[in-house]
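These notes are about the structure you will find just below.
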Amino acid sequence: MSSRAPRSYPMAPEPTDLPLLRGEAFAGWLLGRVVVGAAVWVLLGAAAGGLLALAGIWQPLVAGVVLLVLAAVSVRVAALVPSRPVPVWAALALTVVALGSTLWAGLTHSEQVLPRRDSGSYLQSSVELSRGHDRPIEIAPESVGGAGVLRIDGVTLASPAFFEVGTPDAPAIQPQFPAGPSAWYSVAWWLGGAGATFWAPAVLGGLAVLAFGLLTALTAGRRWAPVGALGMALCFPLLHVNRATYSEPLAMLVLVAAMCALVQATRAARANDAAAARYAAAVAGALVGAGVLVRVDSLREVVLLVPVAALAAAQRQPHARALVTAAGVSAAAAFGLTWLTSSEYLKSIGGSLLPLVAFGIVVVVACVVLLRLGRRRGVPNLALAWAPRAGAAFVVLVGLVLASRPLWQTVRQSAADPGARVVAGLQLRQGLPVDGGRTYAEQSLVWMSWWVGPIALVLALVAAAALVHRALEAWTSGRALQSWIGPLVVGLGSSVLTFYRPGITPDHPWADRRLVIALPTVVLLVVVVAAVSARWSTHRLPVWVGVATSGVAVLSLLVPTALATWPHATERVEDGELAAVQRVCTAFRPGDVALMVDSRAANEWPQVLRGQCGVPSLSTTSALRKDDAALAAAVAQVRQAVGERGGRLVLLGADSAEAVGALSGGQVQQVLDTTVREDARLLERRPDHLVTLPLQVWVAPAR
């Protein structure tokens, strides 16, 4: 039975649209509002969290009221984006996949409490924000023995992912990453403690799966939404980040929702609805730009929006200016707020940001020059004729170059880089030639093949080349840009840049975090192949041929992906670590000050004790620990300063009892001796298991 779409569901129609069936308009409207509204709320909440934390008032009551107001604003903003009808059965199936993804990630969530990698760092930053309500974290000098203690050479408040800022008289700690993820995870901590916080990434990841299903419906075809969502949900690297307190679950939701809005903006422009196109483009641009609040790498996607806007501007489409303006303004504001909350981190990654800024300048200048030349002189007919084929050939060439890199390239970084020492240690333990300078960046496409299989990569390359050919053919013939052009440019561009330079310590599955945009891009391209195959075969061949062709394409993605993920289906990384931390917390009493005296203690425990246990904590630098006499003298000074204020200095070691015993007179107590299971950290093959991680802690009062 068919019906008209209610007027309350603003839609961007297509000339090929069929009459609507009952419920299709509402299903598409509801999916769009949930996806875009959730993404807008995530970013508004991230901005509010950063601003209120700077003011020292990120407290449950204040945050609750602000977030409720922002939720209402998000609903209004989401209403600016037109919707598309979705079959009711497809919407229900998509919802089931998203809920299943949420439950899967939540029930198998990690317990990465120690800040050994980014998820633990985000968790500890969130715990501190939930309890201290400010950022940077102000430290009372008297709590650690006075300002004089912080003037002792080699004694510090800093630890990995937590920078010491300020002066000895007014010290503070600045967490490493943007405040957005910490703000939202701190809300989860208020609502339900550690349990709710561990589930929060799963919920956000489930929303990202829902958003990706909607994007699949908007690009590949409305009935393909569940297939796209299932392909994304099965990818282990995406499941892996949804199990722990990373920034990626938030970033994926925001970016995919932005692409949905961008598709609708382009579709509205094709339908000559200028107002709707501008509003939707502004929402899309703002989402991409403000994504910096949750993930600094989002600057790359901001740059990639420039050629999308340039293509639209070349056709004088109404949404071009709104898209680039919203992206630029929101990115600048988000970067400014991130600088205020995480300036030390941004300084530390300056070597990565500067090339990105240079790339952005080149892209902007090139687009402006080409636009002006095109308008003044036009494009030569020969170039117009060859552009589609040249574009498709270029895509294939780039794919072949990336795939062949392991045959002719070995990428290295400076052997003096701290990451090089980590890589060298992993190589030694895994029986590989020791070459710590290797980044393994040339293997990035191999990493992709581990998780989706080589056939899916080939199909994705074919689809990408065909879509570029089709887009350039439409552009050169003067036809309006296809609605999928934005996701194509952003997805392919971001993927290629990631393949070229992953920029991460190359142990797996850790390094596979870098594939969180590339993997969904491949999934979507393969689904496009299946959808086009089905439509093409239906018009030219028997129905069963179309079903078989599209089925083979889908299975070529889903089967290898499921097989690669299967060994990790029920694993729980570092399960038991929360209980281990709680046992260490009970070893301290009011008035204690903890001092880390060996390498592992300094790397893992200062912020955990300070934030989660409420124990004032100090650490020692590696230079001080290498000088036994200087270390003993520093311990004596700190012990005296803490004692004069009625406290007790407790030494903590996590490598062995040796350092604690030597500095305490031998009264050492082992308060933790357990094991958890961590990721395998492999360099040259796909991980398929967890390995044992011993956790040991020794403490003793300083004498």
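Cβ atoms are placed via backbone N, Cα and C, with glycine included.
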Check your understanding: In TrEMBL, which of 291-311, 480-500, 648-668 is labelled transmembrane segment?
Key -> 480-500
**Study point:** Remote residues contacting the transmembrane segment (187-212) - C-beta distance under 8 A, at least 6 residues beyond either end
**Key:** 31, 34-35, 38-39, 42, 45, 60, 63, 67, 94-95, 97-99, 101-106, 109-111, 113, 123, 126-127, 130, 228-229, 232-233, 238-239, 241-246, 249-250, 252-253, 256-257, 260, 520, 523-524, 578
Review point. Taking 246-263, 353-371, 448-468, 541-563 as candidates, which has the most Cβ pairs under 8 Å with the transmembrane segment (480-500)?
Key: 246-263
**Study point:** Stretch contact, the transmembrane segment (88-107) with the transmembrane segment (61-81), Cβ-Cβ under 8 Å, 3+ pairs
**Key:** no
Review point. Would you call the transmembrane segment (246-263) and the transmembrane segment (30-55) in contact, using three or more Cβ pairs under 8 Å, pairs 6 or more apart in sequence?
Key: yes
Review point. So, do the transmembrane segment (448-468) and the transmembrane segment (541-563) meet, by the test of 3 or more Cβ pairs under 8 Å (sequence gap 6 or more)?
Key: yes
Revision key, fill the gap. For the transmembrane segment (224-240), the distant same-chain contacts (Cβ-Cβ under 8 Å, at least six residues beyond its ends) come to 86, 90-91, 93-94, 96-98, 100-101, 104-105, 205, 208-210, 212-217, 248, 252, 451-452, 509, 512-513, 515-516, 519-520, 523-524, 526-527, 530-531, 554, 557-558, 561-562, 564-565, 568
